[in-house]
């Protein structure tokens with residue numbers, strides 16, 4: 001057979017297959033076939049082909065379409081008026097299941113209303129015969145089961161040209177997108193949203209009202225606050241400060257007022273301005289669980305007869321967690337980029353050696369022998385405490401009292417609200433240059449090289465001896481009943497108050513150690529980032545096991561047994577261990593981060609040009625002040641200096657650190673407060 005004969009044979013075979021496919025397609029959709037004695041229109045009249053079934057008589061459509069509809073959707077189509085009976089498999093089907101996982105289910109995807117309106121308008125614009133033909137096609141496809149639908153679609157797409165296939169591809173791309181957040185149960189939707197960052201959550205809340213309700217829910221933002229507030233997020237590296245304690249106190253007082261002192265003449269809670277004008281209440285300091293006091297429900301409301309519990313007064317007032325995060329995020333961003341306002345306090349006539357601030361109260365001590373109390377909001381000097389005969393080197397206050405230490409060898413307790421000196425303690429043989437109290441325990445460090453412990457409950461006192469030079473700073477940790485001390489002998493010591501012995505000595509500084517600050521227990525440090533420099537330079541007391549036992553046994557850092565092994569037998573399972581991390585500063589111009597359980601120096605911070613006198617730290621940052629008149633902000637995990645502040649004309653001698661502020665005192669007689677509030 002010649003090449004031309006083969007070619008002609010292939011063409012005839014292709015035409016035969018095409019005609020057979022076309023006849024099958026027309027038969028499926030009710031169009032006339034060649035078997036009915038009608039010729040096929042030429043290709044130039046393809047439009048007439050599309051609606052050839054429009055010329056079919058109503059009897060033909062009824063014979064082909066009606067039985068198909070009655071067989072597959074009897075509950076919707078019963079042309080003979082017979083009672084529709086659902087098949088057993090369909091009547092028992094659970095429509096709550098996705099049809100993809102239940103083959104006996106039909107797709108119940110809801111049609112898009114705007115799209116259907118558009119289709120309806122286009123359909124109505126066609127002639128009556130064309131409308132009937134298209135409706136028949138739609139009805140057949142709608143009634144067909146899944147297997148038949150696929151066959152119908154395959155037949156349609158087999159006859160589509162490339163522009164039509166391109167249209168299908170573009171249309172399907174949008175149709176297969178589903179609103180999974182709205183379709184899923186809320187619990188699963190919350191789980192998904194909890195994986196998003198803040199930017200993605202804010203974008204998700206703009207999708208629709210349904211998405212906004214879920215993306216703004218407290219479940220999602222409470223999780224976000226847990227990951228970032230008062231700690232560094234392991235995923236994004238961001239950490240945000242705690243809630244403003246003043247705002248927490250005001251919210252707590254408002255709840256207490258509504259719960260206990262309500263009367264019928266009160267129409268609402270106290271205004272924030274009224275709360276802000278009142279001085280601190282003198283109650284105990286806020287505990288950690290009070291961070292979320294604004295979210296608590298007030299359940300102890302009055303039950304007097306005739307009281308309308310549905311009134312606005314009795315409605316629980318919540319502060320959304322998203323608002324909490326937003327507030328803290330602004331402050332955290334200001335910290336990161338150094339955006340702050342500065343307020344200067346002038347009044348001392350000699351160098352400022354110590355300070356502390358809480359809410360709107362600032363206390364400063366100076367070599368001019370006075371203590372001054374300031375209002376941080378107005379900058380006004382409220383009162384001056386006089387009584388010491390020499391320079392004041394250290395102080396600390398709470399809601400009810402202020403304790404100060406002076407070079408005149410005395411410790412004084414003041415009522416800082418009235419300026420009255422309540423009592424004076426003597427016991428040191430040299431000037432008192434460091435003190436710290438927690439609960440009923442007061443520790444003081446002195447020029448006489450000792451640490452003295454004062455117990456306000458049983459009125460007992462004792463001394464801790466071991467340093468060979470001035471003790472510059474002390475810190476009490478009542479939960480573990482231990483004390484940290486820093487000295488001019490270039491060491492830091494950890495003392496056990498129960499045994500009155502030194503349980504660890506930290507060596508590493510080559511200059512006089514001026515400050516020691518235990519870090520909060522929430523602080524976490526990645527061990528692989530440690531710059532272990534002097535593992536063998538720290539020593540322990542005779543009854544303590546070697547520092548490396550914790551690592552060698554593979555125990556968790558905060559496990560009770562490992563802590564007991566690290567600090568000695570006196571730390572049994574029921575006794576808390578000291579804070580795991582601490583930071584120190586010295587006149588060797590460095591700051592060091594230590595692990596107390598092993599005695600290792602994990603990181604050394606370099607950057608100051610002269611000795612570091614002042615130090616403050618929390619879970620997010622370290623703030624230091626030095627002889628070089630500079631203040632530096634450090635990331636304790638990376639060791640990076642994030643920001644440097646200047647402005648003092650003398651050495652920076654003291655620092656107070658808060659969540660959104662820090663204050664510095666200098667030998668230039670000034671105090672500067674840096675506020676990062678938005």
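Using the three backbone atoms N, Cα and C, a Cβ is placed for every residue, glycine included.
The compositional bias 'Basic and acidic residues' feature in Swiss-Prot is assigned to 35-49.
Residues annotated as region 'Disordered' in Swiss-Prot: 1-52 (among others).
According to Swiss-Prot, the region 'Disordered' annotation covers 266-287 (among others).
Annotation source Swiss-Prot lists repeat 'WD 6' at 553-595. Summarised as a single figure, the pLDDT of the repeat 'WD 6' (553-595) averages 76.
According to Swiss-Prot, the repeat 'WD 8' annotation covers 647-675. Below 8 angstroms of C-beta separation, residues 241-245, 331, 334-335, 340-346, 348-357, 362, 364, 366, 374, 376, 610, 613-618, 621, 623-631 of the same chain, each at least six residues beyond the ends of the repeat 'WD 8' (647-675), sit close to that stretch.
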Reduced to three DSSP states, the repeat 'WD 8' (647-675) has 0 helix, 18 strand, 11 coil
